[in-house]
Amino acid sequence: MSKRTTYCGLVTEAFLGQEITLKGWVNNRRDLGGLIFVDLRDREGIVQVVFNPAFSEEALKIAETVRSEYVVEVQGTVTKRDPETVNPKIKTGQVEVQVTNIKVINKSETPPFSINEENVNVDENIRLKYRYLDLRRQELAQTFKMRHQITRSIRQYLDDEGFFDIETPVLTKSTPEGARDYLVPSRVHDGEFYALPQSPQLFKQLLMISGFDKYYQIVKCFRDEDLRADRQPEFTQVDIEMSFVDQEDVMQMGEEMLKKVVKEVKGVEINGAFPRMTYKEAMRRYGSDKPDTRFEMELIDVSQLGRDMDFKVFKDTVENDGEIKAIVAKGAAEQYTRKDMDALTEFVNIYGAKGLAWVKVVEDGLTGPIGRFFETENVETLLTLTGAEAGDLVMFVADKPNVVAQSLGALRVKLAKELGLIDETKLNFLWVTDWPLLEYDEDAKRYVAAHHPFTSPKEADIAKLGTAPEEAEANAYDIVLNGYELGGGSIRIHDGELQEKMFEVLGFTKEQAQEQFGFLLDAFKYGAPPHGGIALGLDRLVMLLTNRTNLRDTIAFPKTASATCLLTNAPGEVSDKQLEELSLRIRH
């Protein structure tokens, strides 16, 4: 077997006149009667190879037998294509290879779907079952090439900044808070279980107490939670921790790293600092803690209308400490019919809204179901508050503040997609800061950590832990990209007494805290430095930088929405012998 000269997708005019050896898969084959053209494919792309009896009759005969997805080796001379046959759609479109020798390395059965880039309308379950074939498609091959470039850029940046890449355990202890753990039974310790890590949070804090100062890890994490388009049961995290830093230091580091990645991978220079917004401002203006700022359509408080108008829904909402907010779809009045508005009403119902009120602005006032409730002065108030003009569609939700935020926040994104308001070429990074430290869980009747129990409160709010925990703010920060939470971080608690107080507020007894987190509390007794960090979702970063819409397209062998692997049929049953060794019995 001859040595490969280069990749198929890298054969350019620089190789003109050279005899080269290529190896790859037959993407397609065209027999023109006396001449056979084959598009030969590998991970870098496609090149056209020509079988001409003038160069080799024997090679032509073999080429007559090859079919799609055969693995072949060809030798030949690189020549310039005739001007009328140049293919500007591919990198190698100026040249072709006149084949003098071909060897069939391996044959292929007819694939269950075409690998050709033009045929992508295949049921996703079929693609996942034959994932090794799906990954041959150039679109996915380029996605994973970019994933490699992104991780390489991250590693180079962190290495240059003095971070140590340190691995942490995969078999660890199950702890409360957060999503459900994936559990691993121990054979050696009867009836006891390990948990797969949801993140290396506690270990990276222990590494700071160990004195390593700067740590990072590109690490697998596991969460047994309900899936959606941007969630997987196992995912990859860029995990970072630093000692003797404050919030500003961590945010600056994260920002510089992301700018470097975007410049190296996308060729895009991001000038200036990333915009910042407090959690309260994000919720007030966008109804989301991860707002998409590529378009406007902000939420506008029009609660004044509830005090001025004789419209029972608005009036009752304000009297019961609710609020009324509106969004304006510019120029969309004619585009949305009453049937469309009914569909939008059903959409906001999903988020708890009882209804969606709306009006269309016309030259002489308002039309729509609630237009008749607006007196002249009410119309003026609405137009002044919202800036709405003739031709605009104004939508209202009147309810509790959290319902208003969630429903209108989701609606603005839906409308932006329908109206084509989103510039898909933009990369809008945003820091969301000043998060609540705690949230109240109505079902459990207790406080839970908004991020995790190891996030430090702002120094001015420490006293509130004993008096008004719901008012305490955290030294926490999330990085958002185009409406997706890319990652989050915080300055951690490094004082044992404060950590114990935090556990107490979260409803742990001293005994429970010691049993679950005693190793951390013990470590705090031996001199813990101030420390903080951030964790970024690598799969999600790749998804956004490659303009994919599904996280599964960025993971080589992903799970389905029901957390199954269609390729290997995992999860699967195990033998009675294995269960017996683990002292387990399955109840059906």
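Note that Cβ sites are derived from N, Cα and C of the backbone, with glycine treated the same way.
Swiss-Prot annotations:
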- E177, R223, H451, R492: L-aspartate binding site (BINDING)
- R223, D224, E225, Q232, E485, G537, L538, D539, R540: ATP binding site (BINDING)
- 201-204: region 'Aspartate' (REGION)
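Everything Swiss-Prot records as a feature, shown here on the structure.
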residue	record	DSSP (3 states)
R223	L-aspartate binding site	coil
H451	L-aspartate binding site	coil
E485	ATP binding site	strand
R492	L-aspartate binding site	strand
L538	ATP binding site	helix
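Between the binding-site residues E225, E485, the minimum number of other C-beta atoms within 10 Å of a residue's C-beta occurs at E225. DSSP places the residues of the region 'Aspartate' (201-204) in helix, strand and coil in these numbers: 4 helix, 0 strand, 0 coil. Checking each of the binding-site residues R223, H451, R492 against L538 (ATP binding site) by C-alpha distance, the shortest gap belongs to R223. For the pair formed by E225 (ATP binding site) and H451 (L-aspartate binding site), distance between Cα atoms is given as 16 Å, rounded to the nearest Å. Annotated pair H451 (L-aspartate binding site) and E485 (ATP binding site), C-alpha to C-alpha distance, rounded: 13 Å. Between the CA atoms of R492 (L-aspartate binding site) and E485 (ATP binding site) there is a gap of 20 Å, rounded to the nearest whole number. Note: the CA-CA distance between R223 (L-aspartate binding site) and R540 (ATP binding site) rounds to 15 Å. In the predicted structure, the region 'Aspartate' (201-204) carries a mean pLDDT of 97.
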